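In case it's useful when we look at the structure, here is the feature table from Swiss-Prot:
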type: BINDING; residues: K162, M168, G169, Q190, E191, Y192, L193, K203, F204, D205, T251, N252; note: ATP binding site
type: BINDING; residues: R229, Y253, S254, K273, K369; note: L-glutamate binding site
type: BINDING; residues: D338, E351; note: Mg(2+) 1 binding site
type: BINDING; residues: E351, N353; note: Mg(2+) 2 binding site
type: COMPBIAS; residues: 518-531; note: compositional bias 'Basic and acidic residues'
type: COMPBIAS; residues: 532-542; note: compositional bias 'Polar residues'
type: COMPBIAS; residues: 548-562; note: compositional bias 'Low complexity'
type: COMPBIAS; residues: 571-580; note: compositional bias 'Basic and acidic residues'
type: COMPBIAS; residues: 604-625; note: compositional bias 'Low complexity'
type: COMPBIAS; residues: 626-657; note: compositional bias 'Polar residues'
type: COMPBIAS; residues: 658-673; note: compositional bias 'Low complexity'
type: COMPBIAS; residues: 674-688; note: compositional bias 'Polar residues'
type: DOMAIN; residues: 40-392; note: domain 'TTL'
type: REGION; residues: 390-452; note: region 'c-MTBD region'
type: REGION; residues: 517-580; note: region 'Disordered'
type: REGION; residues: 603-688; note: region 'Disordered'
type: SITE; residues: R108; note: site 'Binds negatively charged residues of beta-tubulin C-terminal tails'
type: SITE; residues: R354; note: site 'Binds negatively charged residues of beta-tubulin C-terminal tails'
Amino acid sequence: MPSLPNESDHQATCSLSLHSDLPYQPSSSIKRKVRKKKKNGAITANVVGTKYEIVRLVTEEMMFTKARDDDETANLIWNDCAVQHEKIAELRNYQRINHFPGMGEICRKDCLARNMTKMIKCQPHEYNFIPRTWIFPAEYTQFQTYIKELKKKRRQKTFIIKPANGAMGHGISLTRNGEKLQAQDHLIVQEYLEKPFLLESYKFDLRIYILVTSCDPLRIFLYNDGLVRMGTEKYHPPSESNLSQLYMHLTNYSVNKHNENFERDETENRGSKRSIKWFTEFLRANDYDISKFWNDISDLVVKTLIVAEPHVLHAYRMCRPGQHPTSESVCFEVLGFDIILDRKLKPWLLEINRAPSFGTDQKIDHDVKKGVLLNALKLLNIRASDKKKNLAKQKAEAQKRLYGQGSMKRLSPASSDWEKQRHTLERRKEELKERLAQVRKQISREEYENRHLGNYRRIYPPEDKLLLEKYEGLLATAFQTFLAGRAASLQREMNNPLKRMKEEDILDLLEQCELDDEKLSGKPTRPKEPRTLSSMPESTQTLKKLKNYSSHSSSNSTGSSSDTEEEEDEKEGKEKKVSYDLEEHKYKSLERSSRIHWKPPLKAARPFSNSSSPSSAASMRRSVSCPRSITALNTQSPTTDQRPFSSRISSTITRPLSGNRTNSLNRSSSSNRVPQSGTSGSVYPSISESRLDHLTKEQEEELTKQTLYALRDMRIRIPGKGVEEITHSHIDEIMDNWTYHKSKVASYWLIKLDSVKQRKVLDIVRTNIRSVLQRIWKVSDVECLHIYRSFNRVFNRLLWNHGQGLWSCFSNSGTSWETIFCKSTEVVTPQQFQCCQRLVQLCKDCLLAVYKYATDSRVAGMSPDWDDSRYLFPVVPQFTMKSSSSGVNCSSSRLPRSSILFNPRHNHY
């Protein structure tokens, strides 16, 4: 049952060994330490707004200095209750306060019910974890209609009635006669879960602690322990005789602590309050699926906070207008989720507390809540230098504004076309650089979080790519649902394709902007020096970078990852920051920097020889574009475990490269290989390094060749059409009458489809290609493949400039996307390049198929709203692959699914 913020909401135990030298004491007997005089550069904490002594103890253990009660400039401000928006607006960038504006949209019972109802209408299968709820008096009529339907079916249900903004179990009652409820009061009526999961015949709920460190971008952490709060009377299904026995039906600590049967125990596995850590072990001992249990809990939490995100982000932006995108969030929040389990162990959300109780009446409260607070403050990364850096940054920005630096000139009405193009290009470059800074800041933040998670784990953004895509889809739906008709700029920002791009993708776009800038300025085009595939040439500049990287990594390979040394450095004031400067020691960053600050290519130097470095002979190098299984070779002959290839596969590839591309493209993976220690895991001294590289290269080429043939066999068709009515004839018909269709396709792609819809069209191709790569390369995560990274760069180029990248492929030249490989240090082989060419052709076919379906549907009157880009695709085109032997077609599913299947092109696949 729900429990109220600000009250002793006592919950279960997890014995964290944070500091065993601080024995548990009841909050009434804890003595506050006398703080020494404030030192310069110390981290200050203003805790006058809390009544919980455990908060003060944790700040002291973190070595924070207690600020004066009236000090509004402290690094940390803690309040038990929600704070006014004006106070958040007045905070400086180095400060942190423990509440977000707008979080009441899920923490008030009536707001939670209202927002969940809206999301259930949009995503009923995803939001099925909250009991059916009505808000009185607004939904009184709907409730009475529901009661009448139950009577017709001769069914009777129990309902729980709560005050809309109540707490601590006050005003809660149960009823089985819904028709007797009155509409005057502001109440929340909810279906009662009659068959809960029981512990020793007692009903219970879980208090899950959640930390939100940022809303822009959203970052959520789940604490791996919490409290199990049990009723104090054995549970029986609700009936007219026991509806008033609240000690049986309610699990609130504030209610049950008054019962004489309430058991206070100093251990975590007995009493009326226990730890979730103990509960997890209990489930494991009884053969329950622990992994599924925690995944369900995490899923519930993330989906609930996705409902809050549009409200919170909008309110936060209103409080902090003009804040730099790379600035740290001044708000964080520790939330208490109250969750109940049914008999099938499915979690159901009861309520969310934005000010969960941090009272410590029992040892279990002290252990769990101290860990929640201590680990949360460590994750916030509050540093003494933040204040000084913030003041310096403010001064620099003030000087910029004073001298007019950093701001772009405005165009006059009389500006020429050249000036307009130049202005658009400069704006694009500024946008890309800003997003690049955000991505690098996010990478730095993630690296810090991974080192200081403690007993937390990050549940958003998740590591699983498919799960992240699902959550991003729900997030987009939430923004469309809750911010419809307002916050247009915020919605445009959420739909910006740059938000989903990685660092290397943004660097590619920046490089393209540099090339466009050169063309616009009339600079001579750079010569494209041919490179020989067999020799794998590398520039002397690249060799120098690689040597510096190797020596640096070897000298820092010991001790750099030691947590104790990091903490010592922090104590000495040497705050370790992850730098992503373009001149960083990492070779990958150096490689990317050469793409932005381009220089004419140097003469190719000889590649490394085994004799040039004594240590390199014993080391094993693995190509970053090849699955790990390829290099796990044994002493057997390489021909024994190679799969046979048909004559078609062994035949030469005859499609020529288009445009100015030549067969000089080589593999970038050779320059990215980093020597590994000779003593690492699976090194086979019987295979020389050159032999291993040769085998790896051969297998990569074979797998790339298989990928190319698989892509050539892919055909797109419109669902609902027979296999004979393959879409290819429709596409040919459009291309034959291109003069007629050109303007219509352009209007459809560039105007009617927004950026989200354009990405959905190309995602049809992307999803099927992922399945092909997973099948051929035998890897589940294709992100590690060099060829897939090349595909991603092509996809991003096709979506560039609001879809102009793909549209330019319909022109006579149609090779503008090839420029992303021209001067990139990541070199592509001819076969990989032909795969990219086939990918572009599939994207063009997919667009024409979607356009054809939209046109036919509109003419037939099947989908009158198809042209409105607000609507989702009613039907998604499918890809088929023909087997050369059987000729049977197998179509993929419509959106990303792990079960997409293709008929194998050859039996040995």
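Placed from the backbone N, Cα and C atoms, the Cβ positions cover glycine too.
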Go through R229, R354, K369, the listed recorded positions, and name the one with the sparsest Cβ surroundings, counting other Cβ atoms within 10 Å.
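Output over recorded positions R229, R354, K369: least Cβ neighbours within 10 Å is R354.
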Check the Cα-Cα distances from Y253 (L-glutamate binding site) to the recorded positions L193, E351, R354 and tell me which is shortest.
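Nearest listed residue in space: E351.
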Quick one: of the recorded positions R108, L193, S254, K369, which has its CA closest to the CA of R354 (site 'Binds negatively charged residues of beta-tubulin C-terminal tails')?
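Among R108, L193, S254, K369, R108.
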Under 8 Å between C-beta atoms and at least six apart in sequence, can you list the same-chain neighbours of R108 (site 'Binds negatively charged residues of beta-tubulin C-terminal tails'), or say none if there are none?
A164, N165
Give the helix, strand or coil assignment DSSP yields for S254 (L-glutamate binding site).
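Where S254 (L-glutamate binding site) sits, the three-state DSSP reduction gives helix.
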Which site among K162, K273 has the most other CB atoms no more than 10 Å from its CB, taking these as binding-site residues?
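Ranked by Cβ atoms within 10 Å, first place goes to K273.
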Rounded to a whole number, what is the top Cα to Cα distance in Å among the residues the record ties to L-glutamate, namely R229, Y253, S254, K273, K369?
17
Given the binding-site residues S254, K273, D338, find the one whose Cα is closest in space to the Cα of L193 (ATP binding site).
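So, of the listed binding-site residues, the one sitting closest to L193 (ATP binding site) is D338.
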By a 10 A CB contact count over all chains shown, which of the binding-site residues listed here is most packed: T251, S254, N353?
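The most densely surrounded of these binding-site residues is T251.
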To which of the binding-site residues D338, E351 does the lowest count of other Cβ atoms within 10 Å belong?
D338
Anything within 10 Å of D338 (Mg(2+) 1 binding site)? Look among the binding-site residues K162, E191, S254, K273, K369, comparing CA atoms, and list what you find.
none
I need the CA-to-CA distance for F204 (ATP binding site) versus K273 (L-glutamate binding site), whole Å please.
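It is 9 Å, counting Cα to Cα.
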Out of S254, K273, E351, N353, K369, the binding-site residues in the record, which is closest to E191 (ATP binding site) when you go by Cα distance?
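Minimum Cα distance from E191 (ATP binding site) across S254, K273, E351, N353, K369 lands on E351.
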Based on Cα coordinates, which of the following binding-site residues are within 10 Å of R229 (L-glutamate binding site): T251, E351, N353?
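Those close enough are T251.
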Find, among the binding-site residues listed as F204, Y253, the one whose Cβ has the highest number of other Cβ atoms within 10 Å in the structure shown.
Y253
Would you report the average pLDDT that the model assigns to the domain 'TTL' (40-392)?
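Computed over the domain 'TTL' (40-392), the mean pLDDT is 89 on the 0 to 100 scale.
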Work out how many Å separate T251 (ATP binding site) and K273 (L-glutamate binding site) at their Cα atoms, rounded off.
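The Cα atom of T251 (ATP binding site) is 10 Å away from the Cα atom of K273 (L-glutamate binding site).
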For L193 (ATP binding site), what is the secondary structure by DSSP, using just helix, strand and coil?
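DSSP assigns L193 (ATP binding site) to coil.
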For K369 (L-glutamate binding site), what is the secondary structure by DSSP, using just helix, strand and coil?
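In the DSSP reduction, K369 (L-glutamate binding site) maps to helix.
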